[in-house]
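Q: Below is one structure. I have some questions about it.
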Amino acid sequence: MTISQPQSRSYTSPTKQNKATASVTLDNTMGHHPHTNEIKKPIGLDAKLQFNTPKKTRLTVEGPIECSLNGFQLLNSPLFNKGSAFTLEERAAFGLEGLLPAQVNTLDEQVERAYKQLSYLKTPLAKNDFCTSMRIQNKVLFYELVRRHIRELVPIIYTPTEGDAIAAYSHRFRKPEGCFLDITDPDSIDRRLANFGEDKDVDYIVVSDGEGILGIGDQGVGGVRIAISKLALQTLCGGVHPGRVIPVCLDVGTNNKKLATDDLYMGNRFPRIRGEEYDQFLDKFIQAVKKRFPSATLHFEDFGVTTGRPLLQRYRNQLACFNDDIQGTGAVVMASLSAALKNTDRDLLDSQILIYGAGSAGLGIADQITNHMVTKGLTVEQAKARIHLMDVRGLILDNMAESSTPDQHSYSDPAKDWEGYDTKSLLKVVSEIKPTCLIGCSTQAGAFTKQVIQEMYKHNPRPIVFPLSNPTRLHEAFPVDIMEWTDNNAMIATGSPFKPVDGYVISENNNCFAFPGIGLGSVLSRAKIISDTMISAAVDQLADLSPLPKDPKAGLLPPLEVINDTSAKVAAAVILQALKEGNAKIEDEIQPGKDEYVKVPRDFDSCVEWVRSQMWKPEYRPMIKVEHREDIHTHQY
C-alpha cells in the first residue's frame, strides 16, 4: 500500500543551509510538492482543492488528502478507506462505482451502525476482536467510535481485555500488523524497517520484545499487539497520525512453555536469547532506527525487569526514547500523588512512600517520585530515604545486595533499623513506616488486606492507596473495600477502571494520561532526548489538571472524556521545557510553503493552541486522486 505524503502534511526537515528547497509556489492549476519542490499535475474531480495553503508542520492535518490508490486497493487501505462515506464524486474519481451500496453515509451514521453491531457482542474479547477488525479496515471510523465511547471502549482495546487478546494472539491471528524483527536474522533489520518508509514518513515507534506483557508475563511474538495497542492510544489520546507510526516486535524466542509447545504459535519457539547476542540485536535495531528514522520518538514497551531499565539507561541520551512501564507509569502515579497530597496536610517532602512490588513498574514509580522530590529541593539520598520497596523477599534491606538489582539496592532500608522485625509482613512494615501512600504493583491479588489498610488508616486520616496491578483479578485490593475500611476517607487510583464508590470517582492510573502527551511533546518539539525534567514538567501539568480541588468526590486525575485536551496541555508543558533546556530541534526547521523557520509560542496557552493545531483527528477529509510518485509517497500501509 502507498500513502500520499500530504495525508499528514509531512516534510523532510530542511536545514538552515537549504532553506530555498522548502519554498512552495501555488496557483490554480499546478504546484510544487513541499518535499521535492517539483511540479505535479493533479488528477480527479476535486483536484482544485489540493492547492490550499501548505500547513506549518508535519503533524498538521487539515485540508484535502492526496491519494494514488484505486478501487479495491483503496477500500483495503485502512488509512484511506471511507467505506460508505465516499462521495459520489470520489467514487467516480477512484474507480469505486459498483463497489459500494448506493447510499452515501456520514461518519455519524457509520459510528451509529458500528456501535449497534458492537453492542450485540456479549464478551469483552469479542468486542476486542470487533475493534481490531474495524481498525484494520477504517482507521477514521475506528478512532471516532472509540472517541465517542471512550470510557466504555478503552478497557476493550487496552487493559484489561487486550491482555487476553495478546495471550491468544496465535490462535486469533487474522492479518499481520507491525514490523517483525527476528533475532536469527539481525542483518535484515534495516531492510525490514524500510518497508515503512524513511525519515519523512515516521514520527513514533513502539517496540516490545514481549517479555513483560501487562502483568501476564512472557507472550513472545504476541507482544506485537501491545505495541499496536499503545500506538492506538497514542493516536486516540495524543493525536499522533496513525499513518506515521510503526509497531515493532522483537522476536527473541520465548520462555513461555505453553506457547513454545503450541502447534499454532507463530513466533520463534526456542528459549529467550539473552546476553551478548541479545544486546547486539537490540543495538542493531537502535542504530537502524537512528539512521532511518532520526526524527522519530522511540517508545519501549513491556520489556522484562532485567532488560527494560538497562535498555533505557543505555540509550536515553542517544535518541528521543521513553520507557512507558518505567517513566510513564511513574509519571502518572507521581501526578496522582501530587494531586492527592494537595487535599491533605502533608507535603511531598514529608511523605513516606511504600511500594509493594519492586519490578520495572515499582522502580519506575520510585525513580519518578525521587526525581520530583529532587526538583523540590531534596538530595537524591534524602529522597530515596523516604521511599521503601517490598517484593517477595519482604522489605528490601541493605544486607540483601547479592539478591537485589543495583536499582533495587539503591532504595534499601538499613538492616540495623529492622533487627527483630518481621520484614516479610506487609502489615508489620506498614505499622512501622506509617506510609502516606501505599502503592501496589506486585500482581499479588488481595495483598492489601483489611488489616493492612486499617493499620495505615490508624496513622493517616487520608490514606493514599494505589492498587495498580493488572489485570483486574490481580489487584492488591478493590476500591469498594478500601473505601469501606477507611470510612470513605481514602484517596484511590487503580490500575484498571472501576465504578464510583458511594459517589466517589475512582481514577484509573492509566498511562494514557501521561505517555500520549509526553510522546506528542517529543514529536512536536523534535526532541533530541526525553529528559527527566521534561517528564517532571508533564507530571506537574497533569497534577494541576486534577478536578479534586473543585469537587471532593472527583477523581485524582482528569476524566477520560477530556483526554485530548489533557494530552495537549501535557505536550505543551513538555515542549516548553524542551525549548527551555535547548533540547528541541523544531525551530531549526522551515515551515513548508514559507521562507521562515517554525516558531513555537512561548506562552503556555498559545502553545497549547499550537499543539492542538498539529493533532490528528478522526474525520473524513476531501480526497484527491494523484499519480503515484516514488519520491513523494510513503510506503506505510
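Cβ coordinates are placed from backbone N, Cα and C, and glycine is handled just like the others.
Keep in mind that TrEMBL annotations are predicted by a computer and have not been checked by a curator.
Annotation comment: TrEMBL describes Tyr158 as active site, proton donor. Per TrEMBL, the feature active site, proton acceptor maps to Lys230. Annotated divalent metal cation binding site per TrEMBL: Glu301, Asp302, Asp325, in sequence order. Residues or ranges marked as (S)-malate binding site by TrEMBL: Asn470, Asn510. What TrEMBL lists as compositional bias 'Polar residues' is 1-28. TrEMBL lists 135-316 with the feature domain 'Malic enzyme N-terminal'. The domain 'Malic enzyme NAD-binding' annotation in TrEMBL covers 326-579. According to TrEMBL, the feature region 'Disordered' maps to 1-39.
Give me the local environment of each listed feature.
A: Taking the Cβ of Tyr158 (active site, proton donor) as centre and 10 Å as the limit, one finds 24 other Cβ atoms among all the protein chains shown.
Annotation for Lys230 (active site, proton acceptor): spatial neighbours Val206, Pro247, His299, Glu301, Asp324, Phe515, criterion Cβ-Cβ under 8 Å with sequence separation of six or more.
The number of other Cβ atoms within 10 Å of the Cβ belonging to Asp302 (divalent metal cation binding site), over all protein chains shown, comes to 28.
Counting every protein chain shown, the Cβ of Asn470 ((S)-malate binding site) has 23 other Cβ atoms within 10 Å.
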Q: Would you mind reading off the Cα separation of Asp302 (divalent metal cation binding site) from Asn470 ((S)-malate binding site), to the nearest angstrom?
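A: Counting only the Cα atoms, the answer is 13 Å.
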Q: For Asp325 (divalent metal cation binding site), what is the secondary structure state per DSSP, taken as helix, strand or coil?
A: helix
Q: Using an 8 Å cut-off from the Cβ centroid of Glu301, Asp302, Asp325, can you name the remaining same-chain residues around the divalent metal cation site, in sequence order?
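A: Once Glu301, Asp302, Asp325 are set aside, the remaining close residues are Ser208, Gly212, Ile213, Ile226, Lys230, Phe300, Phe303, Gly308, Asn323, Asp324, Ser360.
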Q: Counting across all protein chains present, how many other Cβ atoms fall within 10 Å of the Cβ of Asn510 ((S)-malate binding site)?
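A: Its Cβ shell of radius 10 Å holds 27 other Cβ atoms.
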Q: Return the count of C-beta atoms lying within 10 angstroms of the C-beta of Glu301 (divalent metal cation binding site), excluding that atom itself.
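A: Neighbour count, Cβ to Cβ under the 10 Å cut-off: 28.
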Q: If H, G and I count as helix, E and B as strand, and all else as coil, what does DSSP give for Lys230 (active site, proton acceptor)?
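A: In three-state terms, Lys230 (active site, proton acceptor) counts as helix.
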